[in-house]
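Reading through the structure tokens given below for one structure.
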Amino acid sequence: MEKTDREYYTLDDMFVSKAAKRARSGEEEEIQRRKAIHEHQQLAARMEKCPYCFDSSELSKHLIIAIGTKSFPTFGLMFLLSHHSFLLWCISEAEMFRNALVKMFEAKDLDCVFLETNMSMKKRYHMVYECIPLPKEVGDVAPIYFKKAIMESDEEWSVNKKLIDLSSKDVRKSVPKGLPYFSVDFGLQGGFAHVIEDQHKFPHYFGK
């Protein structure tokens, strides 16, 4: 029996109520379907014009220096072959390229830092992992500057820990899944990560 506050509740009332519930359910399903189609169309359009996808005509292919099974480095940058938004998808291959780049710069008496800024995850931008060579004397003090800048960044009252030490574990084991983050690694020594509290206030060029 249907529960109602009214004193009289006829069989017709019951059928009308059931039909209204089914109609609302159908409307909600249609809204969700349209939303999914719209999101898919947006992603397809973004991928078609993405300057970092390997198959894209926008990619400057003459800058590619190696091709892996899941990623490829260009001068100063590393991208995933397919359109993914974060490095965790190919962490082992990224480590291989990272080792090679560090050795290359060491041979030229240079240091380097690796940067990743992962924001706007719903928009699924293509992941970009940056390698920036530095003079040795700058590389030596880089951890001090990055630590200070991270501690002073973002919201004053952060929900998450402001500075995450990556010296003993990588970013995939340090940052909760699904949260936007910034990470920096100093050569092969590990580095820091920071969970971004307010994506609208955190500058995408923070690492640079």
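Every residue gets a Cβ built from N, Cα and C, even glycine.
Heads up, TrEMBL stuff is auto-annotated, nobody curated it.
A mean pLDDT of 79 is what the model gives for the domain 'Cwf19-like C-terminal' (38-147). What TrEMBL lists as domain 'Cwf19-like C-terminal' is 38-147.
Taken through DSSP, the domain 'Cwf19-like protein C-terminal' (156-208) splits into 3 helix, 13 strand, 37 coil. Taken from TrEMBL, the feature domain 'Cwf19-like protein C-terminal' applies to 156-208.
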